[in-house]
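Per Swiss-Prot, these features apply:
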- Asp194: active site, proton acceptor (ACT_SITE)
- Leu78, Gly79, Ala80, Gly81, Asn82, Gly83, Gly84, Val85, Val86, Lys101: ATP binding site (BINDING)
- 72-369: domain 'Protein kinase' (DOMAIN)
- Met1: N-acetylmethionine (MOD_RES)
- Ser23: phosphoserine (MOD_RES)
- Ser222: phosphoserine (MOD_RES)
- Ser226: phosphoserine (MOD_RES)
- Ser293: phosphoserine (MOD_RES)
- Ser295: phosphoserine (MOD_RES)
- Ser306: phosphoserine (MOD_RES)
- Thr394: phosphothreonine (MOD_RES)
- Thr396: phosphothreonine (MOD_RES)
- 282-310: region 'Disordered' (REGION)
Amino acid sequence: MLARRKPVLPALTINPTIAEGPSPTSEGASEAHLVDLQKKLEELDLDEQQRKRLEAFLTQKAKVGELKDDDFERISELGAGNGGVVTKARHRPSGLIMARKLIHLEIKPAVRNQIIRELQVLHECNSPYIVGFYGAFYSDGEISICMEHMDGGSLDQVLKEAKRIPEDILGKVSIAVLRGLAYLREKHQIMHRDVKPSNILVNSRGEIKLCDFGVSGQLIDSMANSFVGTRSYMSPERLQGTHYSVQSDIWSMGLSLVELAIGRYPIPPPDAKELEASFGRPVVDGADGEPHSVSPRPRPPGRPISGHGMDSRPAMAIFELLDYIVNEPPPKLPSGVFSSDFQEFVNKCLIKNPAERADLKLLTNHAFIKRSEGEDVDFAGWLCRTLRLKQPSTPTRTAV
């Protein structure tokens, strides 16, 4: 079902040395390293703040040295999913706080080594819209992927606190996701393969970044049978096992935006009573002002229309859900509560035929994105209020 991806050869090799005191050789290598990285950053369209933050991250990273299990102090668990457990950890030698993802896999040493090799491509992924990567290693049956810690967590966690995420905030999210996907495609010929709210991370500085993208074909194959859940963000063509491309990432982004906007996974679609409970007033659909329609197909047994709030019905069985995605009309935003630009943007993402679905270039130039780029939105302030985080002393409006 998953297409084998051609391995991406890294354009730049990063082998940080352990800082054990001043050494002309190591210092010279480190400086040459940073000069090389700065040249890479100059190729990107960055503002001054983004450039300084990336340079600061890379300077810190150059001092980290080889990552080893014994050097980590576990602080807390950040989340768990199909891929494994993510913990907040302190790297003792450097003092840096990192997010450490532990993936337990029963695999042969040769496969394990290939995964670690393929993950090294992440060293090359330096963008304001991609979560920073410190390194990966294997220890005691687990692969550890060490990343930049994002103190706002993922958007699925933010949604639990916010209940619904406002359109102006989602405008900034859309810009960051599009720029992140474009960076992966243009600079590294990588598809994300797993765009969803839990893989969009945010922080109190107002940054929005993608994580968990598919750089390792071997890791994807090794985890292919580990899916357990009640929802899917995969496009219809991917579920049908046909050829898929970055257009599939566009579908996943559109589905994620609908979920974040209405407050719950949008399949099956919410009925009028659910929407009224969520938005606090009747929600209409269409130009003629009719109440928002329910699913065009009779609901499966045990899933009656319910007026007891969002997501109150039993979840669909996974086979029902996948059948719905492939055979039923795609989700859409209700009218009357979102701008026509936002509705149209999402509709273009959720066209079932990938050949007709909007591509990255079209979406980047869409009226919704152009309007969002021009809006002064205090994303950092909104996030800190929502999650009750302490805002940095030098707050930013948004890092997008």
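Heads up, the Cβ atoms here are built off N, Cα and C, so glycines get one too.
Taking the C-alpha atom of Ser222 (phosphoserine) as reference, the shortest distance to any of the recorded positions Leu78, Ala80, Gly84, Val86, Asp194 belongs to Gly84. For Ala80 (ATP binding site), the same-chain residues lying six or more positions away in sequence with a CB closer than 8 A to its CB are Val86. Separating the Cα atoms of Gly84 (ATP binding site) and Asp194 (active site, proton acceptor) is a whole-number distance of 15 Å. Confidence for the domain 'Protein kinase' (72-369), expressed as mean pLDDT, is 88. In this structure, the CA atom of Asp194 (active site, proton acceptor) is 19 Å away from the CA atom of Leu78 (ATP binding site). Taking a C-beta cut-off of under 8 angstroms and a sequence separation of 6 or more, Leu78 (ATP binding site) has the following same-chain neighbours: Val86, Thr87, Lys88, Ala99, Gly153.
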